[in-house]
Amino acid sequence: MRFTGIILILISMTLIDSFFEMKVEATGPQTTCQAAMCEAGCKGLGKSMESCQGDTCKCKA
């Protein structure tokens, strides 16, 4: 029964993660997104980079 509970928790975490997009925003005086920093931040979250525009870095869900 515990194993089934763990599986249900993992599945629900995966589904919730797929509905909410993660955003990584660099702090500091920079006003433009740097692709290398954005990609490194997304990799730190275990995701790949989706886009880097303006001052917003988006990671793929």
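Heads up, residue numbers simply count up from 1 along the chain you see.
Glycine too: its Cβ is placed from the backbone N, Cα and C atoms.
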Swiss-Prot annotation, disulfide partner of Cys33 among Cys52, Cys59: Cys52
Cross-link partner of Cys59 (disulfide, per Swiss-Prot) out of Cys42, Cys57: Cys42
Largest tally of Cβ atoms lying within 10 Å of a Cβ, found at which of the disulfide-bonded residues Cys42, Cys57: Cys57
Cα-to-Cα gap, Cys38 (disulfide bond) vs Cys52 (disulfide bond), nearest whole Å: 7
Cα-Cα distance linking Cys33 (disulfide bond) and Cys42 (disulfide bond), given in Å to the nearest integer: 13
Whole-number Å value for how far Cys52 (disulfide bond) lies from Cys59 (disulfide bond) (Cα to Cα): 9
